[in-house]
Amino acid sequence: MKVAIFPGSFDPLTLGHLDLIKRGSALFDHLAVAVMTNTSKDAWFTVDERVAQVKEAVAGLDNVSVITATGLTVDLMNKIGADYLMRGVRNVDDFRYEKDIAAMNHYLDDQVETIIFLADPKYQYLSSSLLKEVAMSGGNIAALLPANINEALQARLEKRQMKRVKKENEEAR
């Protein structure tokens, strides 16, 4: 049985991520989407919120599970019996980064096999960070996210804006 893991912060999960998940689910017997924490990023959603969002987005994919963990991806792979580490790349910069991560993972565990998927050209410009930035500036990103995640992002954006306005009002006093 071919088991793969697709780790990421998914804050939020985009249609680019979902496309990779669908493609991976067609290739592997089982695909575990691992919602991880990236300490270098400012998360809008908690890990539990992201897990719930991703579960809803992949509900129709019977061979896909959604998990979470902390620590090294290679340790998680060993824990769940994953043979392959699935990654997506949008451009040359992503490839260079993923190549280095793959080399480190192989150093940590020489059984780790990284499979790199090229992003569908219609999603090559997408990143969670870019979508959050566009949303904060009032841009319409609904067509780039699963519907459930767009709703959650819009609600979170309103909450963040209300906090900002409240803070500005308090500072003005």
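Glycine too: its Cβ is placed from the backbone N, Cα and C atoms.
As recorded in Swiss-Prot:
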BINDING   Ser9, Phe10, His17, Gly88, Val89, Arg90, Glu98, Tyr123, Gln124, Tyr125, Leu126, Ser127, Ser128, Ser129  ATP binding site
BINDING   Ser9, Lys41, Thr73, Arg87  substrate binding site
SITE      His17  site 'Transition state stabilizer'
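Burial estimate for the binding-site residues (His17, Lys41, Arg87): highest at His17, by number of other CB atoms within 10 Å.
Ranked by CA distance from His17 (ATP binding site), the binding-site residues Lys41, Thr73, Arg87 have Arg87 at the top as the closest. Comparing the binding-site residues Ser9, Thr73, Gln124, Ser128 on other C-beta atoms within 10 angstroms of each C-beta gives the minimum for Gln124. Separation of the C-alpha atoms of Arg87 (substrate binding site) and Leu126 (ATP binding site): 15 Å, rounded to the nearest whole number. Proximity of Val89 (ATP binding site) to non-local residues of its own chain (separation of 6 or more, Cβ distance below 8 Å) is seen for Phe95, Glu98, Ile116, Phe117, Leu118, Ala119, given in sequence order. Take the binding-site residues Glu98, Leu126: by the count of other Cβ atoms within 10 Å of each Cβ, the lowest one is Glu98. In three-state terms derived from DSSP, His17 (ATP binding site) belongs to a helical segment.
For the recorded site, Ser9 (ATP binding site), the DSSP three-state label reads coil.
When the Cα atoms are compared, Thr73 (substrate binding site) and Gln124 (ATP binding site) turn out to be 24 Å apart. Ser128 (ATP binding site) sits 10 Å from Lys41 (substrate binding site), taking the CA atoms of both as reference points.
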